[in-house]
Structure formats: structure tokens, C-alpha cells
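Enquirer: Sharing the features that Swiss-Prot gives for it:
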DISULFID  CYS58-CYS290  disulfide bond
DISULFID  CYS71-CYS83  disulfide bond
DISULFID  CYS106-CYS151  disulfide bond
DISULFID  CYS294-CYS318  disulfide bond
DISULFID  CYS486-CYS490  disulfide bond
CARBOHYD  ASN26  N-linked glycosylation site
CARBOHYD  ASN27  N-linked glycosylation site
CARBOHYD  ASN39  N-linked glycosylation site
CARBOHYD  ASN181  N-linked glycosylation site
CARBOHYD  ASN252  N-linked glycosylation site
CARBOHYD  ASN302  N-linked glycosylation site
CARBOHYD  ASN496  N-linked glycosylation site
LIPID     CYS553  S-palmitoyl cysteine
LIPID     CYS560  S-palmitoyl cysteine
LIPID     CYS563  S-palmitoyl cysteine
SIGNAL    1-16  signal peptide
TOPO_DOM  17-527  topological domain 'Extracellular'
TOPO_DOM  549-564  topological domain 'Cytoplasmic'
TRANSMEM  528-548  transmembrane segment
Amino acid sequence: MERTVIALAIISVVKGDQICIGYHANNSTKQIDTIMEKNVTVTHAQDILEKKHNGKLCSLKGVKPLILKDCSVAGWLLGNPMCDEFLNAPEWSYIVEKNNPINGLCYPGDFNDYEELKHLVSSTNLFEKIRIIPRNSWTNHDASSGVSSACPHLGRSSFFRNVVWLIKKNNVYPTIKRTYNNTNVEDLLILWGIHHPNDAAEQAKLYQNLNAYVSVGTSTLNQRSIPKIATRPKVNGQSGRMEFFWTILRPNDTISFESTGNFIAPEYAYKIVKKGDSAIMRSELEYGNCDTKCQTPLGAINSSMPFHNVHPLTIGECPKYVKSDKLVLATGMRNVPQKKKRGLFGAIAGFIEGGWQGMVDGWYGYHHINGQGSGYAADKKSTQKAIDGITNKVNSIIDKMNTQFEAVGREFNNLERRIENLNKKMEDGFIDVWTYNAELLVLMENERTLDLHDSNVKNLYDKVRLQLRDNAKELGNGCFEFYHKCDNECMESVRNGTYNYPKYSEESKLKRKEIDGIKLESMGTYQILSIYSTVASSLALAIMVAGLSFWMCSNGSLQCRICI
């Protein structure tokens, strides 16, 4: 009867009022990595790596790209007859050229410093084509017979639209001396060429003069070209070759042409009306009737994220390219929902075993149980402070990283392969550095965020512990058990930091003495029971040993001698 009373008293102590410090949990399956751990499930996270694109070529900030389709830049600028739709191209945001456009130099040959020309074009947004030397001004030369089956138009032989192939007239090719003064306020892009015949017979047939030359001069250019007559294999049905040149004529500068044959004269030039952040992108995509701030060869990216892994070449205001597959910033805390079998007061912060899915209005808070019931209450002050800090950190990272960043491909001619390889290695190295920096940044910030949450929960726990002092007992799982009755008003005072320790200290003191007395009485009772149990067990063992010995002596299994 006495033991029953003691047990009931102990149970009544365990059922005392309690308050627990805990943290939010939810059904999130988002995972992040830290310096120390991988695949940590958190309540909230923000992806900062864009992986998607729309698979289309789009306008860039409302300005359409110049998509050259099957034409190359050379075919467009010289006026390949198959590129007539681009003769008067409107303003463009960027230029799109296929990897292997079929309509380039229809008459076989070469474009001198072509890569530099493309670099110039890539920093231009608008050309205005103007006539500088009219075709009908060549009265002493044939300006209409210079056509080729290699450049057909509507089934007939034709030639590049923006230049004139001059042929002898009446078996005479008078020396050409022409000048043009740039009276415009803009720079002019001027194109011309020279024809290299297959043999001397073709040279005489077209130009009469066997020792021809083409000279071009400006304030910065002094060039003299001589036809290279040689036997060559046919390309596009032609054994001859054409070599094209270009220059930029500054305002108020003059260009002079002198030639005794083989001259491909400029008829039109390009006024560079608008310079800007353009580029030449290689892509096989079609225009998608869309608008974007960032374009890649694979499609447009519309994202505010600071990083992407779509394609290393971009045009516009783009995130930075990294090779990573995953960059996720933790904005919440570890998501460890409390296991039901542990009950409500199970045991982040090193001592709390699980989060509360019932607390939905804050990251950290309290759960209480008393005679008036139980409930959750978030600590909104510490939650808001943490949210503001993490939000500012994430925004700061995005703002610092998400600046305009372009990475357009550079082209090199066949003599510059070593430079091209070196350039590629350098660009790959930069990408590797960016990738490493981005991944390290995320890992470090995630570690700091989780540590911040642990620290905030621990601070909340210490705030309660310092208020309650010896008016409550620490249960070791984030909970405190009061030595006094604590109604809802009392619980609220603990939560808001106004707990009145002296008010409850006397009641707590009496309760502690009562519990200590029960423990002492219980200890005495259990000591008596322990002694009784030990003596009884020893006596029973002695009787068993004696009985076994007597039985063995009686049947001869054991010799018994009694000495007096």
C-alpha cells in the first residue's frame, strides 16, 4: 500500500506544467549542401542556378536579332544574290550566323582580315548602306559583264550586289584613278577586291593588261595588290579566285583607288550609324517571336538568378555561367519533423530532437501544457530578425553576382590556332574559377545559415532558463517542468520575458521539498526491499546446494567422509 502511494506521488510530479522551446518543421524535401554535410533537408531554400531556356531566338530588350539564315556575314556584306533579303537590314540587337552557312563567297576566294571584320560588326547595331561610286560612272570600263555562274540569281549568272567587277571595254582597260571623300559624320565601312585569274589567257581576255595591279590608300592605309595567276582546281565551277579587303574610312578622310586591271570596285559602303553591345552568335535556331534580356545559342534565359549552366556563350544581361549542376542557398533551417513515437516533448541546437509542424507562424517558438490546455506560440521577434538577415544576405549575393555579363565567342584564322587554343584554355580557366567560387560561396553561406538557426534556438532556450532559474527543472530535451502552477498568463510572461520569479519562488520551493521527501522515502523503501531480496536469494541458493550434495552422497556419486 505504501509503495502504491509513492508511485502515485511520483506520477503526479511528472504531470506538472511544462514549456518547451522548439523550431518549425514542414513537409519540405528541399536539400542543400554545406561545408560539412551533403543533402541536408531544410524547411526553405532558394535555387540560384538557372538551368532552363526556352529553345528560341528572341528579341533583346525589344530589338530583333539579325538572323542571317543560310547566309554568312561575308555573303551579307558583299551582297551574295542569295542574301538579297538582307540588303537593307534594320537595326539589330545581335547577329545570328549558322555554323556552316552555304551562302558566303559564291565566287571562290578569301576575305582578308575576316575575323577582325566580324569583330567590328559585332560591336555595331545598325548600318546604313550608301552609294559611293555609282555603277554607271564607269564609262571607260565594262561594269555589266562582270558576272559568274558561281553567283546565280533566278537561274542566270550574277555577282555580288555591293561591288562591281570591272572588265575591259573595246579591248582597252584604261588606268583607273578614283577618290571618295567621306563627308559624313559617321565612319564608313568600304569593301573592294581583286581577281586572280587561272592563266595569262584569262588575264588578257578580261583585262587586256598582263601586268596589272590594284592600289588603295587612305590616311592610314597604303596597299598595293598584284594578281596571282596560277592553275587551281575548280570550286563552284571556277578556277579563278577573288580576294576581298575592307577598311574604315574616318570622317573627312579620303580613299583613293588606282588600278590597271583585276579591280573589283566598291559601289556601296556601310555607314556605321549605331554602335553598341551587339555580337555574332552561332546558332541553328529560328526566331521565336519573344523578348528576353539574355540570349544563348540554345535559347533565351529569363531569370533573376545570379548563375546559369545553360551555355558558356551569352549575349545581354545574363547570369554568370558555371559548370555546377546544383547551387541552392538555405533560407530556412534543418527540416527534422518530430517523430510521433517520441510524443510531443521529444528532445536543432544539439538537444532538441525534432521540429514542430504545428507551429506555422514562425521559425522558433514555444509549446506549453498546463491545466488550461496546450498550444504553440511563435517567437516572432527572433523569427523576423532571422528572416530579415537571411533575406538581406540572399539579395546581396544576387545583386553582386547578377550584373550584365556577356561571353561571346572569338574567331581566329588558320594562322592563329595557337592563340585560339590559348584563348580557349584561358576562358575555361575563368569558368572553372567562377564555378569554384560560386560553389564555395554557397557551401559557406549554407553552413552559416544553419549555424545561425541553431544559435537562435539556443538563445531562446537560454532566455527561458535565465528567467525560470530554480522555479523549474530542465528536462534535457528543450523542455522545462515548472515546480509551480503556471496558467496561460504565466506562460505568456515567460514567452515575452516578463516572468515574475519572486512571485512563484515560494510555491516552487515547497514543491521541491515535497519532491525531495518523496524521493528519500522511496529510496528507504527500496533499500529494505533490496536487502530482503538479497538475503532470501542467498538462503534459497544454500538450500539447493545442500539438497544436491545429499542426493549425490546417497546414490554413491559423491563420497562423503565425516571426520571427528
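Note that Cβ sites are derived from N, Cα and C of the backbone, with glycine treated the same way.
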Enquirer: Non-local Cβ contacts of ASN27 (N-linked glycosylation site) (under 8 Å, 6 or more apart, same chain)?
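Expert: Set apart from ASN27 (N-linked glycosylation site) by at least 6 residues yet with Cβ under 8 Å, we have PRO337, GLN357.
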Enquirer: Tally every other Cβ atom lying within 10 Å of the Cβ atom of CYS58 (disulfide bond).
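Expert: Around CYS58 (disulfide bond), other Cβ atoms within 10 Å: 24.
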Enquirer: If you count other CB atoms within 10 A of each CB, which of CYS71, CYS106, CYS290 wins among these disulfide-bonded residues?
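Expert: Result for the most crowded candidate: CYS106.
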Enquirer: About how far apart, in whole Å, are the alpha carbons (Cα) of CYS290 (disulfide bond) and ASN302 (N-linked glycosylation site)?
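Expert: About 11 Å separates the two Cα atoms.
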Enquirer: Spatially, which candidate from the recorded positions CYS58, CYS83, ASN181, ASN302 is nearest to CYS151 (disulfide bond), comparing Cα atoms?
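Expert: Nearest in space to CYS151 (disulfide bond), counting only the recorded positions, is CYS83.
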Enquirer: Between C-alpha atoms, which of these recorded positions comes nearest to CYS106 (disulfide bond): ASN181, ASN302, CYS490, ASN496?
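Expert: Nearest in space to CYS106 (disulfide bond), counting only the recorded positions, is ASN181.
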Enquirer: Find the shortest Cα-Cα separation between ASN302 (N-linked glycosylation site) and the recorded positions ASN39, CYS58, CYS71, ASN252, CYS490, and name the residue that gives it.
Expert: CYS58
Enquirer: When you measure from the Cβ of ASN26 (N-linked glycosylation site), how many other Cβ atoms are you left with inside 10 Å?
Expert: 17
Enquirer: For the disulfide-bonded residues CYS83, CYS490, which Cβ has the most other Cβ atoms within 10 Å, all shown protein chains included?
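Expert: Max Cβ neighbours within 10 Å, all protein chains included: CYS83.
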Enquirer: Using ASN26 (N-linked glycosylation site) as the reference point, find which of the recorded positions ASN181, CYS294, ASN496 has the shortest Cα-to-Cα distance to it.
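Expert: That would be ASN496, nearest by Cα distance.
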